[in-house]
Amino acid sequence: MTFEMETEAAFVIHPTWNRLFLASRNNLGISLLLIILCGLLYYLLGLLSPYYRIDALAVPLVWLPSGLALVVVLLAGYRFALVALLGMALLAIQQGLPQSMVLGVVIGATLQAFLPALLLRMFGFNPRLERIRDVMLFVGMGGLFGPFLAASAGVVGLSNSLPGGGALLQIWLVWWLANSLGCLIITGFLLVWVTTGQEIIPAKNRLSLFVLLCGATAATLLGFIDTTTGQSSIVLFAVIPLTVFAALYCGRQGVTVLAMGALVAVMILMTSAPPHLQEASVLVNMTFNLGLIWMASFTGLVVAAAYSEQGAGDRYAYLAQHDGLTRLINRSTFEQRLEQAIQHAKREGRPQVHALMFIDLDDFKLINDQFGHATGDLVLRSLSDLLLSHVRSRDTVARLGGDEFVVLLENCSADCSRLMAERIATAIRGMLIPVENGNCQITASIGVTPIGDNTGTLASVLSAADAAHYQAKDEGKNQVHYRYVERVTDEC
C-alpha cells in the first residue's frame, strides 16, 4: 500500500499503519484521539528517560520522546506536532519547571518535531533509509538540526531561571546529544519498522543478528560500567564494528535493532546508577560513550544504505541485460556477444567457427489463446530452462522477444551444431506443460546458420538464421533446417 504525504510524496508503509494514518486524516475525531494518545506516550517516555543533574537541574542523557514526535509528524502529518507540545507541557508541569523554562522547552520540542519533518518532505526524503542521500537528510535534519532547536530553546528559557547562568554550555551539549540520540535511534527504528514488509528480519538473518545484538549490548554495559570508575573504556568501541557487520548482513533493520539494544542497555544501567555517577568527571566519560553509540548508529545506517544502493545498482544492471520473464540475456546484450563472435570468426579464417541457432515455437499464439497467458509464460520459462540445460557452458542462450529464442554455439563445427540442434528439437518435443485437462505438448521450428570468415554483418547473420527457421516451418514445422550436412564427429 502507499501512503501519500501532504507534500504529494509517496512511499510504501506497513498496511496496519497505513490504515491508521488514513483514518486519522479522514476523521477529525480519530486524529484528535491519536494526538492525545501519542501525547500521553510522549509523556511516559519522558518519565522513562535517564536524567543527569547539573547545578540542581535534571538534564536528560537520552531523550526518548524526541524520536516518537518526529516519526508521527513525518508519517501522519503536521498536525501531529501537537503531540510534542502536549507531552512536553505535561512533563513541564509534572516536574514543576519555572514558567520561563516551560515556554522554552515546549516551543523547542514542538519546533524539533515540526521543522525537520517539513524540511525532509520538501527535499523528497524517503523514510525507508535505503539511500545515502536519505540517511544524510535524516541525520542532518532530524538528528542534528531538530535537537539544536530543542536544546537552544530550552537553554534560553533556562538562562532566566538558573542562578548565575550556571554551566549553560555543558547543559546545552548534553541536552542536544540526548535529543539527537532519541531522534536517531527511536525515529530510525520506527521508520524502518513501519516501512518494512511483514517480515522485518528475514529468518535466515535472525541468528546472526541475535549474536551481534548480544555483543553490542554486552559492550555497552561493560563500557558504561567502566564509566562508573571515572575512566574511559575502549570496550564500547566494539559497538561500531558490530553495527557495521549488522549493516552488511542484516541491512538497516539490523542497524536499528543493535542501536535499540545499546540504548536499552544504557537505560538498564542508569536505573541502578550509584550516587557517584553524578560527578562531573563521570558525566564527561558518559557523554563520550553516548557519542560513540550515536556514531555507531550513524555509521551503520550509512553502510547499510551504501550496501543497499550497490545491490540496487547490480539489480538494475542485471535487468538491463536480461529478459524479465525468462532471465535469459536480452536482445541488445546478445547482439554484442554475437558481434564479437563474428569478428572472431573472421580472424580465424575458416568457413565455420561458430553457429547461430534460431528457435521459434510452433503455434504459440494458439497456446496463449486456448490456455491463457499464464500458461504461455510457463512455456517460455520452461523452454528457457531446457535450452540452458542442453548447451555447453561457453554457449549463449537469449530471448529475442515473444516466442523467439537464439543460441550462439561458440567454437562449434557444422556437424556439432547439427547434432545439438537435433538434440534440442527432440527435448522440446518431450516437453509437457500441465494445463487444466491434462498436458500440452510443445514443438519448435529451428534454423541453424554458420558463422565463419565469409560471414557478413550482424544483421545478415540474424536474417540468415531467421530464414532457416522459416524454411523449417514451411517444410512442416517441428523440425530443424540447416544449410549444411556433414559427417557428425564426437565433438558434442
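The first residue you see is number 1, and the count goes up from there.
Every residue, even glycine, has its Cβ placed from backbone N, Cα and C.
Nobody curates TrEMBL annotations by hand; they come from automatic prediction.
Values in this document were obtained by computation on a predicted structure and should not be read as measured data.
According to TrEMBL, the features are:
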- 352-485: domain 'GGDEF' (DOMAIN)
- 28-45: transmembrane segment (TRANSMEM)
- 57-81: transmembrane segment (TRANSMEM)
- 101-123: transmembrane segment (TRANSMEM)
- 135-159: transmembrane segment (TRANSMEM)
- 171-195: transmembrane segment (TRANSMEM)
- 207-225: transmembrane segment (TRANSMEM)
- 231-250: transmembrane segment (TRANSMEM)
- 257-274: transmembrane segment (TRANSMEM)
- 286-307: transmembrane segment (TRANSMEM)
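Looking just at the domain 'GGDEF' (352-485), the mean pLDDT is 90. Summarised by DSSP class, the composition of the domain 'GGDEF' (352-485) is 59 helix, 39 strand, 36 coil. Counting residues 6+ beyond its ends, the transmembrane segment (231-250) has Cβ neighbours under 8 Å at 201, 205, 208-209, 212, 215-216, 219-220, 222-224, 257-259, 262, 285, 288-289, 292-293, 295-297, 299-301, 303-304, 307 in the same chain. Within the same chain, residues 201, 233, 235-236, 238-239, 242-243, 245-246, 249-250, 253-254, 257-258, 261-262, 264-266, 268-269, 286, 289, 292-293, 296 sit at least 6 positions outside the transmembrane segment (207-225) and bring their C-beta atoms closer than 8 Å to a C-beta of that stretch. Here the transmembrane segment (101-123) has long-range neighbours at 5-7, 9, 65-66, 69-70, 72-74, 78, 80-85, 87-89, 91-93, 137-138, 141-142, 145-147, 149-158, 160-161, 179, 183, meaning same-chain residues at least 6 beyond its ends whose C-beta is under 8 angstroms from one of its own. Same-chain neighbours of the transmembrane segment (57-81): 3, 5-6, 13, 17, 21, 24-25, 31, 34-35, 38, 41-43, 45-46, 48-51, 87-88, 95, 109-110, 112-114, 116-118, 120-121, 127, 142, 146-147, 150, 158, 162, 166, 171, 174-175, 177-179, 181-191, 194, 263, 266-267, 270, 286-287, 290, counting only residues six or more beyond its ends whose CB sits under 8 Å from a CB of the stretch.
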